[in-house]
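Q: First the structure, which I've put down as structure tokens, then a few questions once you've had a look.
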């Protein structure tokens, strides 16, 4: 590593020739020289190192302009941009050399990652530049190149995972995290152990904890570092500071883990939080992981990253949000070098594992703090933080919450007076006033390069239901900046309204790739595929939507109907149960009849089948029949009225295939259900006048009569056949009389011949039981 005093020497130089002279002295160690510059940028923005944040040879404002990618500029308060600019110049000269050593590829990776961290938005050109570098590093790691130790390989993979996170490529990040975990032999899993969570808990219940898959891998606890951010207590009158585990087991002790293992755990929790809807389950899964990392009390950057991740996780929980606020405030102060008792020169020791742990720059951590303060109602305090960061978007939102939009407008107009050619300020003014002219002005000032102006204009036109114009501006915005979370969703919605379903699906696909937990996008994507006629694919997409919002009745209803359409009846039944759980569904006779009739038809087809899969098909159909019977029983038990047709298929589902002494009880239940079906159908006064209804009633009556007589003959008691015959006579006579009485008013249709045939069967049955 290049000595730290070289940074001091360079920062004090006033012309570039002197800088070139110093650089030439380190030509043999040029990659270490560039690495020192990158490390200095990290120290200035992440760990509170406040020396040499500016230089004499270039102003920070000029360095910011040189590091800008169009309108995508480094944050206004980011520090030591002079060092990053100098590193950039060297990387541009060195990256195309044919003999780059392994350490060189790693330095280039870290440079681009730091540059991207300091930019306001994800930058597509950086992603393009960094892809071949990461591919080369992947090959070097796979070959187990001697230039990298096992620890180096683990760190590099986590740094590449950090790059993937910057561009919302969570699947690729997940693969890298898993590879890094294997490299550092992290062999752990979440499991339940008995314990207590609250001060008043009398009985142990299962708590989620991190355990060793192989207990023999447990190491010896290591002492904590002296320079480490403090982990604050909750000081809650109900919750314990730590879950008290009473069961003996292979629970992970964070003090036994090395830096790579702790960093991997951080990324595992971060990936879980980023790819799942924020609910109780995600909190339960991430908390044990973060608690394990925090318990280690080692490595400043890892500890700070873990404390910020815990603050982010706890911000939505009533009993923990106070700690979330104070903890993030403490870490932000240390990152800015405020109220830090450690000597400035000693803070350089904190820079190890900054990128591997995913520690954010101080200004991003400050945004987290502002968000937590805002959620607590401390909007004025959040406003002050965002003003210092010059994050005018957030400032406008705070003024909006305070009901002081006039102050926001005054502020932005004053800034425009100072910088009249700053197109972003005109966009902010357009957001405040909702005046299209300001967006148009911003587009003109930027030579049509302002993605934010097109986005805001598109959103405003969308609100006015001018979908065609809105779509044009949203697509232009996405051409300029493809990585925008809400914009892809809105573009997909506009395309849907314009009935351009192909482009709608493309937009929603990009939306869910950037935001896997965006359940509305999953739902809309499924709807677009239905319009395309691709129902099986739409069905699978709805499954993804339900992962991220398990409580949305409309999505469950869509999933139920689509499951019926694609023949996934088991899933349709499960969805119906879920709707009943939410009290959002009564008896949908059409759906119930369709499922039941299909199962009965499939059962008949399987019985005629002679293929090798017959046994398996019978087992699957039997299982679905049992699930359907349970569903119908639940609906009946809830006193919900079923239609005669549904009662009939319910009865047929319950009917045993063979009447025997073992199945007699089930057969009697089947007969009673068929009686209910006939009574419900016969109760409709108009059925004799409607040919289709008349056919259903007579068919049910005939089936009931036949099965009644069959049961009576099986019982074979003195009175059973007489009683059954009497019931058959009473039932069939009444039905045939009503049918004959209204025959003149019944309109003949396609079922006339079939009705006549079943009437003849009924008359024959009646004759057979005549006295």
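The backbone N, Cα and C atoms fix where each Cβ goes, and this holds for glycine too.
Pulled these from Swiss-Prot:
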- 389-415: repeat 'TPR 1' (REPEAT)
- 416-449: repeat 'TPR 2' (REPEAT)
- 451-484: repeat 'TPR 3' (REPEAT)
- 485-518: repeat 'TPR 4' (REPEAT)
- 520-552: repeat 'TPR 5' (REPEAT)
- 553-586: repeat 'TPR 6' (REPEAT)
Q: Can you name the far-off residues of the same chain, 6+ from the ends of the repeat 'TPR 1' (389-415), with a Cβ under 8 Å from a Cβ of it?
A: 75-77, 363, 366-367, 370, 374, 379-380, 382-383, 422, 424-425, 428-429, 431-433
Q: Six or more residues out from either end of the repeat 'TPR 4' (485-518), which same-chain residues have a Cβ under 8 Å from its Cβ atoms?
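A: Distant contacts of the repeat 'TPR 4' (485-518): 168, 170, 274-278, 455, 458-459, 462, 467-468, 470-471, 474-475, 477-478, 524-525, 527-529, 531-532, 544, 548.
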Q: The repeat 'TPR 6' (553-586): mean pLDDT?
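A: Across the repeat 'TPR 6' (553-586), the average pLDDT comes out at 85.
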Q: Count up the helix, strand and coil residues in the repeat 'TPR 2' (416-449) according to DSSP, in that order.
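A: Split into helix, strand and coil, the repeat 'TPR 2' (416-449) gives 24 helix, 0 strand, 10 coil.
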